[in-house]
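Participant: When I checked Swiss-Prot for this same protein, it listed these features:
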BINDING   49, 50, 51, 52, 106, 111, 112, 113, 117  substrate binding site
ACT_SITE  50  active site, nucleophile
SITE      96  site 'Important for activity'
BINDING   186, 187, 188, 189, 190, 191  NADP(+) binding site
């Protein structure tokens, strides 16, 4: 089981490091295809959110291949980011993916968005041909585990997300949100979720600016808000008390000089910026201005901590589910590992049987139909008796971690390695590329 994971997340790296690794949604298909075609990597997927960027893959040379890919994709030396990177392999890689999909590794434990984000990453990987059988099995099982965690525990009983935490932080700043106005820059799922929370907490007016105006109009209609063309952003954003931004832009769209103009037009009435984008939309220097308060994705952790104690018991229950599911998944993979050996053994012994029947015909001449049937039944019976013990042993061994040793032993006894070499000579080497 050669699964490997490498990445950075909110636990290991601050936002200024995570934004260095962030991959825009528009580039994700290209990056995923590059991952799967990198030498040594057999199949792979990339998850890129505001809180994590990680690659999961099956690899010949382990995380050496993954680090090589990081160097190629980002034009960096991974050693420079050693203190921020985490790596998992084999069982721990499986456990990590189950925990991520189940929201046990999220900034807000139990938040529902991460499962959708992992599913989108998986869909992208499938679309570009980067997923083959084993990674497909891993992700399919991860989604099932996530569903079981949400069904069998109360980990998601109180709806918590980055968006809801952002709104809670706004309430801490302003007290009540009644009569306040909010300007949302971006029209993604997180922005829409935040808008719902703002409306539920009494916000009076919502403005929406998006790169695609039509999408902004559709977004604003859902909340009886007002869509603003993106080219009018800087002259209209100071209408609002609260600005929530999540655009996916490669550089900050709000800088200190913008803030100075906003405060001047507002006659120094304060503005609150909630920046949930990675890379960040708001330059940190904006915080130097009196009257402007900027909170980025890492600042939200201060609010998140208030939710942690409520969920500890449920998280422990969820962790137990994940651990049990990891064992089941590994046993299933080991079972799949023995199937090719069983098939090779059956084919090998059938070849021997047919060769011996042909040799018998050469010695005895033409056989009658009745004799043919008798010889066929006799030889099949002998072969089945010969195969019974090794096949039973293989199936039993598949349930144990040491199954590889038994598989190798059976291959040696029946000379199946040489048979595989002969097949390779006849058919040629396997083709390289994604999903190979």
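Every residue gets a Cβ built from N, Cα and C, even glycine.
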Participant: Return only the integer: C-alpha distance in Å from residue 50 (active site, nucleophile) to residue 190 (NADP(+) binding site).
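Facilitator: On Cα coordinates alone, these residues lie 10 Å apart.
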Participant: Given residue 186 (NADP(+) binding site) and residue 106 (substrate binding site), what distance in Å do their CA atoms have, once rounded to a whole number?
Facilitator: 23
Participant: Identify which of the recorded positions 50, 187, 190, 191 has its Cβ surrounded by the largest number of other Cβ atoms within 10 Å, counting every protein chain shown.
Facilitator: 50
Participant: For residue 189 (NADP(+) binding site) and residue 117 (substrate binding site), what Cα-Cα distance in Å is obtained after rounding to a whole number?
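Facilitator: Cα to Cα, residue 189 (NADP(+) binding site) and residue 117 (substrate binding site) are separated by 10 Å.
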Participant: Between residue 49 (substrate binding site) and residue 187 (NADP(+) binding site), how far is it from one CA atom to the other, in Å?
Facilitator: 16
Participant: Should residue 189 (NADP(+) binding site) be counted as helix, strand, or coil on the basis of DSSP?
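Facilitator: In the DSSP reduction, residue 189 (NADP(+) binding site) maps to helix.
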Participant: Identify all same-chain residues not among 186, 187, 188, 189, 190, 191 whose C-beta atom falls within 8 angstroms of the centroid of the NADP(+) site's C-beta atoms; report them in sequence order.
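Facilitator: Surrounding the site, in chain order, are 184, 192, 193, 194, 246.
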Participant: Can you give me the Cα-Cα distance between residue 106 (substrate binding site) and residue 191 (NADP(+) binding site) in Å, rounded to a whole number?
Facilitator: 18
Participant: Give the sequence-ordered set of same-chain residues, not counting 49, 50, 51, 52, 106, 111, 112, 113, 117, with Cβ within 8 Å of the centre of the Cβ atoms defining the substrate site.
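Facilitator: Surrounding the site, in chain order, are 103, 107, 114, 162.
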Participant: Between residue 187 (NADP(+) binding site) and residue 96 (site 'Important for activity'), find the distance joining the two CA atoms and give it rounded to the nearest Å.
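Facilitator: The separation of the Cα atoms works out to 30 Å.
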Participant: Using only C-alpha positions, which one of 188, 190, 191 is spatially nearest residue 51 (substrate binding site)? These are the binding-site residues in the record.
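Facilitator: Given the candidates 188, 190, 191, the nearest one is 190.
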Participant: Out of 96, 189, which of the recorded positions is least crowded by other Cβ atoms within 10 Å?
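Facilitator: Each of the recorded positions 96, 189 was scored; lowest Cβ tally within 10 Å is 189.
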Participant: Please identify which of 49, 51, 117 has the densest Cβ environment, defined as other Cβ atoms within 10 Å, among these binding-site residues.
Facilitator: 51
